[in-house]
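**Q** Please see the structure below; I have some questions.
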Amino acid sequence: MTERIVLAYSGGLDTSVAIGWIGEATGAEVIAVAVDVGQGGESLETIRQRALGCGAVEAYVADASDEFANEYCMPTLKANALYQGHYPLVSAISRPVIVKHLVKAAREFGATTVAHGCTGKGNDQVRFEVGIQTLGPDLKCIAPVRDLALTRDKAIAFAEEKGLPIETTKKNPYSIDQNVWGRAVETGYLEDIWNAPTKDIYDYTATPEFPPAPDEVIISFEAGVPVAIDGVRVTPLQAIKELNRRAGAQGVGRIDVVEDRLVGIKSREIYEAPGAMALITAHKHLEDITVEREQARFKATVGQRWSELVYDGQWFSPLKRSLDAFIEDTQKYVSGDIRMTLHGGQAVVNGRRSETSLYDFDLATYDTGDTFDQSMARGFIELWGMSAKVASGRDIRVAGK
């Protein structure tokens, strides 16, 4: 029986060429797998037909946009996950759901190997292969760009020689990855970290220097999940899309950062994540009034570690699963409404309300009639500062000898 290889297929030049390239290099039949995570663009049927036209014996296509929003974006939101304080894990969280469907397709079509189009310098090779090893430990992995020396020049030449139904061009100097949670742009002139991004690289966001009138929005949450916008019930996917549209029109969510890659190098990245950044901002402000202080402090540490694990391709790891359980427990009372104004590249919260709020007006007010007993403060301060006071006394005593 002829060996079968499942290929993570985007519909672009590199993975279209990889179908024939893998076939010639290995003699195997190739099954193309395309997964919709809300990236927009061409229809799944168009992509399926292109894969078949490029030589795939089967084409598996899956609309995973709701699955991605519910099972991957929402945990990211609950964690307030920003890798190194900036990056909302746009590409990192899409890889596990793609891996899930790659392994599913491999089982369905009797494949023994999974292929992806990642280079040997990026994070995605790790995310794909660690995920595949975890969900399908018997499956082998190959990476044509990395393992079979498939360069872009070779890809163009191969496509033209074979007459493949795919556009061949060297025009676009950027590497772009996008889904409903955001958009990532790298390489080209951006590799000189002194170069400012030009307007042409942006697609999800309008120029914030010339915004339309301010847009006020009310986002309602239940247990950490957005459930309504301006009183209209929405699914997580609908919430992200609506805020992509509204926050994007105001230039919200542009990120220019140099980050530490898993493989040990620093990389300059441009991200657009208008919906994600608006939602994370709103969610964090709701947590500020609903999550107890010590729990909130520790959750910030957990969220940072969660972000690192996901960035590093450990979505399916035991530690990440344990952190998920802690984060989920913190969301029990994260329900209520956040009002924010979107304008000029900013998402500014100016109102919050919750039936499970820990904010007590009578305790917090400085007006007459407050219920805070200030007479307790002196004793509290004495006890709170006791340890430092005793240590200071020792320092003075030792220094005087």
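Heads up, the Cβ atoms here are built off N, Cα and C, so glycines get one too.
Residues or ranges marked as ATP binding site in Swiss-Prot (evidence: sequence analysis): Ala8, Tyr9, Ser10, Gly11, Gly12, Leu13, Asp14, Thr15, Ser16, Gly117. Sequence annotations record features per position, and here Swiss-Prot assigns L-citrulline binding site to Tyr87, Asn123, Arg127, Ser175, Glu259, Tyr271 based on sequence analysis. Look at Swiss-Prot and you will find Thr119, Asn123, Asp124 tagged as L-aspartate binding site.
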**Q** Where does Asp14 (ATP binding site) sit in the DSSP three-state scheme?
**A** helix
**Q** Taking the Cα atoms as reference points, how far is Arg127 (L-citrulline binding site) from Thr119 (L-aspartate binding site) in Å?
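**A** Given the Cα positions, Arg127 (L-citrulline binding site) is 12 Å from Thr119 (L-aspartate binding site).
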**Q** Using the Cβ centroid of Ala8, Tyr9, Ser10, Gly11, Gly12, Leu13, Asp14, Thr15, Ser16, Gly117 as the reference point for the ATP site, which residues of the same chain not in that list have Cβ within 8 Å?
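**A** For the ATP site, the extra neighbours are Val17, Ala18.
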**Q** With every protein chain in view, how many other Cβ atoms are within 10 Å of the Cβ of Thr119 (L-aspartate binding site)?
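**A** Summing over all protein chains shown, Thr119 (L-aspartate binding site) has 14 other Cβ atoms within 10 Å.
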**Q** Report the member of Tyr87, Tyr271 (the binding-site residues) whose C-beta atom has the most other C-beta atoms within 10 angstroms.
**A** Tyr271
**Q** In three-state terms from DSSP, label Asn123 (L-citrulline binding site) for me.
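**A** The three-state answer is coil.
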**Q** Would you count the other CB atoms within 10 A of the CB of Asn123 (L-citrulline binding site), including those on all shown protein chains?
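**A** 19, counting other Cβ atoms within 10 Å of Asn123 (L-citrulline binding site).
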